[in-house]
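A.B. asks: This structure is in structure tokens; I'll ask about it shortly.
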Amino acid sequence: MLKIIKNKTLQTIISANLFATLGVSIFNIILLTYAKSFFTSHLFVSIVSIALIIPSIFGGMTGKMADQTQQKTNWLILTKIIQVILYLFLAQIINHKTVFVFYLVVGINLISDIIGNYGGNLLTIIIQDRIEDRSRQQTMGLNSAISTLVEPLGQSVGVFVITQTHNYSLAGLINALTFLVSAICLIVGRRSILSTIRVKPKKTSNCLWPIIQKLMLQTTGMGAISYLGIVMVLNIVAVSFDAILNLLFIDLAPVLKINYAVAILTINITYVIGSVWGSVTKKTWIDRLNLFQLLLVTLMAPIIAFSLLLFYPNFYLILLSMFIVSFMSGKMDPKMFATMMPQIDPHMTGSVFGTISTIVTLGAPIGSTGIIILYNLYGGKIACLCALILSLASIIWALLAYRN
């Protein structure tokens with residue numbers, strides 16, 4: 001661990017990612033608060049919620065753009081500078097609270113998020129180029145851990161700024177500052193993140209799916225539709241677990257004789273600890289599992305969690321189940337990307353991972369929303385049972401797909 005932390009490339013990546021994630025998380029909560037301040041708050045909050053999901057649709061496109069980018073390091077730095085300019089402009093207009101300005105603000109944030117995704121694709125290519133195979137899982141894990149730690153901090157900063165100043169323009173300026181610091185980190189460490197990968201003068205869009213299919217068979221022993229479909233379901237039940245707990249503890253907290261806010265805060269802290277621990281540790285028995293075995297073990301986590309909610313909703317056992325779910329999620333993503341990286345043509349890294357990310361993440365908000373609707377219509381037990389059935393069905397799907 002100490003050896004990899006001393007790596008100059010990793011230091012540059014993590015420091016830049018820290019401030020970029022801080023900026024994104026600050027403004028996401030600010031944007032929701034801004035939407036809520038309008039008369040038609042339900043409509044505007046819904047628009048913001050949809051706008052925050054839309055960038056994930058463009059993963060394949062931004063990945064292909066990253067693959068075809070000649071000077072990847074320079075363009076990575078430029079993405080941060082463009083985001084600085086966007087939020088400086090946003091800060092000048094956001095306090096003029098009209099419907100037109102609202103849509104303009106949402107549009108600016110949407111463009112910034114898509115540019116950020118493009119920068120993330122560039123960063124993945126640089127990691128593949130600059131970090132040796134044996135260190136990639138920890139590198140991806142540390143990068144993920146930083147995001148997990150910083151996101152609640154950014155949300156807290158955003159809430160503090162708005163509650164204390166009620167100045168959305170100030171929030172925009174703070175956001176611009178975070179991206180500026182991120183750009184400075186990249187400029188200072190530029191030599192350590194220079195990419196040696198040169199663009200191939202060929203089209204890749206027509207043959208992308210067969211490449212993903214072959215990649216999945218090589219690394220997981222399963223077809224692409226099966227593996228990515230199962231991971232999508234896993235994301236749905238993991239996101240649903242957190243949302244269900246927020247609703248469940250409204251009624252459960254008095255029964256367990258615990259304050260609602262304290263319960264939710266404790267659960268969120270447990271999630272962060274589990275996710276970070278899963279991301280940064282390397283020498284556990286779980287790390288010796290291959291991707292298929294890890295997928296099965298990870299699918300067991302929500303089965304345990306939802307079974308506890310259904311049959312024995314003890315607060316400490318719920319905390320333990322949240323830790324297990326987040327720990328396994330922290331293990332899954334870095335392991336998946338690190339295992340697949342050596343098998344991918346460096347000239348197609350962005351396209352492949354961008355497409356995979358789009359497929360895997362797109363279903364999560366839609367599916368989890370469906371489970372929450374079930375909760376509100378039919379109660380917590382039905383929602384938990386539905387999530388439990390999805391998890392069990394995914395294990396059966398995985399076993400059948402692997403056998404075939």
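Residue numbers in this text run from 1 along the chain shown.
Any Cβ shown, glycine's included, is placed from N, Cα and C.
Found this in TrEMBL, in case it helps:
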- 9-404: domain 'Major facilitator superfamily (MFS) profile' (DOMAIN)
- 12-35: transmembrane segment (TRANSMEM)
- 41-63: transmembrane segment (TRANSMEM)
- 75-94: transmembrane segment (TRANSMEM)
- 100-119: transmembrane segment (TRANSMEM)
- 140-162: transmembrane segment (TRANSMEM)
- 168-188: transmembrane segment (TRANSMEM)
- 224-250: transmembrane segment (TRANSMEM)
- 256-277: transmembrane segment (TRANSMEM)
- 289-309: transmembrane segment (TRANSMEM)
- 315-332: transmembrane segment (TRANSMEM)
- 352-374: transmembrane segment (TRANSMEM)
- 380-402: transmembrane segment (TRANSMEM)
A.B. asks: For the transmembrane segment (168-188) and the transmembrane segment (289-309), decide whether they are in contact, meaning at least 3 CB pairs lie under 8 A, counting pairs 6 or more apart in sequence.
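C.D. replies: They do not touch: fewer than three Cβ pairs between the two stretches lie under 8 Å.
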A.B. asks: For the transmembrane segment (256-277), which stretch among 75-94, 224-250, 315-332, 352-374 has the most Cβ pairs under 8 A?
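C.D. replies: Per the Cβ count, the answer is 315-332.
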A.B. asks: Limited to the domain 'Major facilitator superfamily (MFS) profile' (9-404), I'd like the whole-number average of pLDDT.
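C.D. replies: Value for the domain 'Major facilitator superfamily (MFS) profile' (9-404), mean pLDDT as a whole number: 86.
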